[in-house]
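Taken verbatim from Swiss-Prot:
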TOPO_DOM  1-68  topological domain 'Cytoplasmic'
REGION    30-51  region 'Disordered'
TRANSMEM  69-91  transmembrane segment
TOPO_DOM  92-113  topological domain 'Extracellular'
TRANSMEM  114-134  transmembrane segment
TOPO_DOM  135-199  topological domain 'Cytoplasmic'
TRANSMEM  200-220  transmembrane segment
TOPO_DOM  221-243  topological domain 'Extracellular'
TRANSMEM  244-264  transmembrane segment
TRANSMEM  266-286  transmembrane segment
TOPO_DOM  287-319  topological domain 'Extracellular'
TRANSMEM  320-340  transmembrane segment
TOPO_DOM  341-348  topological domain 'Cytoplasmic'
TRANSMEM  349-369  transmembrane segment
TOPO_DOM  370-381  topological domain 'Extracellular'
TRANSMEM  382-402  transmembrane segment
TOPO_DOM  403-438  topological domain 'Cytoplasmic'
TRANSMEM  439-459  transmembrane segment
TOPO_DOM  460-470  topological domain 'Extracellular'
TRANSMEM  471-491  transmembrane segment
TOPO_DOM  492-497  topological domain 'Cytoplasmic'
TRANSMEM  498-518  transmembrane segment
TOPO_DOM  519-523  topological domain 'Extracellular'
TRANSMEM  524-544  transmembrane segment
TOPO_DOM  545-748  topological domain 'Cytoplasmic'
Amino acid sequence: MVPPGNGNGAAAAAGNDVILELSTPGDDWSHELQGDDVEANGGGNGDAPPRRTFSFGQAYKTRHRQPQVFTVWQTLMLGYQSLGIVYGDLGTSPLYVFPSVVLPDADATDFLGILSLIIWTLTLMSLVKYALIVLKADDHGEGGTFALYSLLRQHVNFKGNIPVPLTRLESDVHLKFHSKRRSRPSRLQLFLENSPKAQLAITIIVLIGTCMLIGDGALTPAISVLSAVQGIQSRSSHIKQKHVVVLSAVILVLLFLVQRFGTSRVSFTFSPIMLLWFASIAGIGVYNIVMHYPPVLKAVSPHYIYYYFAKNKRVGWEQLGAVILCITGAEAMFADMGHFNKSSIQVAFSTAVFPSLILAYSGQAAYLIKNPGDLSTAFYSSVPAPLFWPMFVVSTLAAIVASQSLISASYSIIRQSIALGCFPRTTVKHTSDKYEGQVYCPEINYVLMVVCVLITVGFQGGPEIGRAFGVAVIWVMLLTTTLMTVVMVVIWEVNGALAGGFFVFYLAIEGTYMTSLMTKVPQGGWVPFAITVAFLSVTLSWTYGRKKKREYEARHAVGDGEFAGIVSRSARVPGMCLFCTDLMDGVPPIVRHYAANTGSLRELLLFVTFRTLPVRTVLAGERFLVAREGARAGVYRCIAQYGYMDEQDMVGDDFVRAAVAALVEVAAAAAEADSGEEEAEMIGRAPASGVSYVIGRTVLRMRRARNWPKRFVINELYRFLQKNFRSNVSTLKLDHAKTLQVGMIYEI
């Protein structure tokens, strides 16, 4: 199987040099694929090779960005824009960190110790780990958990029986956006390639991490909006907590309901809002430091952490669950890197976000040293009275921006999960013609809305919601540390001792926080686990069902002899038929059912397999791998390759145009000259006689002899997901008038 246009492919092997040109597709099939097929070059004297011109269609203007060198001004502008997209969650954490601390009879030693913990947690976790280290592990500019995973799979051949399937092909390493493997693999790389259990463990870690991030999409809006709205209680004794909860729930419902309109119309306000927010909290922080306790910045010395734990012991350790909230949203620096670039995110964090947060927390600590009784309302109590209402408005707007960032991130995660085949197909709508990353998933939106409102109403704004949020945050941090350690050894070729030191150092920090938070599981910390288990159950049920389906089709593929009989018994009619299948080799069983029910086959048969690679995007010239299926004329195999950021569909005629162009090239170059030209002409005219799509509508049924857990997953969970999520016809945007679904029952 060769990619079209590959100089090392069948064209060279056949001794017939073929020069590919990309041209603008016309409306006439015959002109596009036949009339311009061969141009005489050099007056037909035979001195120059024939020149073939093919159109690959408009559908594959892939959404990748060419490598670009950014000027200082461009980097600064991107950094400014990142304030509203990347730093909403991290920036609004001063609303709830100190108020989440429960420390009776706190004094200056306690507040200096907590401030020192916050400063060093922000420095070591956000600045050093994420801004300086994790941001380097991008997949050609794309960040996030899936980017780390795809980067690993580009360097490690996952051959085990893992939930997310990928059969590596030799052509993969030649892709533009596929990282090159080093010639001498490390021992860790060899271990991973030969250990299916290790591969499964890494895959499960990635899936858990993504499910935790989806849970953040429900927890962040709840805690951010509640914390912002609660400030109104400090100015009116008539407003009770139940009123705050109702108002917060209304704001959250409205926030989720407007998602269908997209964020493009209001996203231009996000960065100004967050810039105003950071300037405000920094200014108020400086005011509180000067007015209440100027020496508060001495907390930068870590010995105050020792004094804090020496005094409070277990009670002090229990408050780590509140301190960890200061880095909520730090993972967004990596997850949203694809929208900006590494330098802009680093500049924004180091020049605006980090200093503002340090000043804000220091100001609150200075205020609390003089007013320890205001701990539960630390943020709003520390705001000077004349600025209260302006800050209330800015805080509420900033909380909405923070919520929007995590909600949008949840949609992106779901989209990538669907592309990798580890989540059921849901509706994914693009809400912006300009920004490809702005998508909307209606089903996920309403699930998150219900969960978010239930959390808000259930916890009533108590400390439990902070504990739940903290558990989700620290788990994501731990999973990222684990994956980064593997990346350091396998991809960066870092010395094992240095990579091990990184792992042990951050495991010690995050593990300490984890031990504190796990004691809070019965008191609200169970919520992120419940959300994760729910989404993970969907993910694993779907991938297990798809795996069993592929195994069944591979075992029951149509053999060469049987296929020859099917062709001989079937009438061949003009036109082209595309069979969509998960099989990358062999004739799928759907052909058997189709021929038995129709008694005919088109003159051009194309078995199409959609293949998602562990790369962010696949270039247009790398899209198709095509080859003849067996020795029969008019039967071909096409593998359509996509990255996890590409959109897979067959809308309009563009997919067929591109596929036919690739088939014409292979037919003309690989076969003998006479028959090759005849076959190429047949392929070129087939679409004009009609194009049809055949797709399976399969039902898996597991026999009673199998163990009941697997039977429950297949017969109940997987079947439920099949019935209630989108079908392949809707996902691929097939023309219903040209599509035939073949129903089949697979007994496994």
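Cβ coordinates are placed from backbone N, Cα and C, and glycine is handled just like the others.
Here the transmembrane segment (114-134) has long-range neighbours at 90, 97-98, 101, 103, 296, 299-302, 304-305, 308, 319-320, 323-324, 326-327, 330-331, 333-334, 345-346, 349-350, 354, 357-358, 361-362, 365, 477, 480-481, 484, 502, 506, 509, meaning same-chain residues at least 6 beyond its ends whose C-beta is under 8 angstroms from one of its own. For the topological domain 'Cytoplasmic' (341-348), the model's pLDDT averages out at 89.
If one looks beyond the transmembrane segment (439-459) by at least 6 residues along the same chain, the residues whose Cβ comes under 8 Å of a Cβ in the stretch are 214, 217-219, 221-222, 225-226, 245, 248-249, 252-253, 256-257, 259-260, 262, 407, 410-412, 414-415, 426-431, 465, 468, 524, 527, 531, 725. Proximity of distant same-chain residues to the topological domain 'Extracellular' (370-381), defined by a Cβ-Cβ separation under 8 Å and at least 6 residues beyond the stretch ends, is recorded for 94-96, 98-99, 101, 103, 105-107, 111, 227, 230-231, 233-234, 292-293, 364, 388, 391-392, 395.
Look at the topological domain 'Extracellular' (370-381): DSSP puts its residues at 11 helix, 0 strand, 1 coil. Between the transmembrane segment (266-286) and the transmembrane segment (69-91) there are at least 3 Cβ pairs closer than 8 Å, counting only pairs 6 or more residues apart in sequence, which means the two stretches are in contact.
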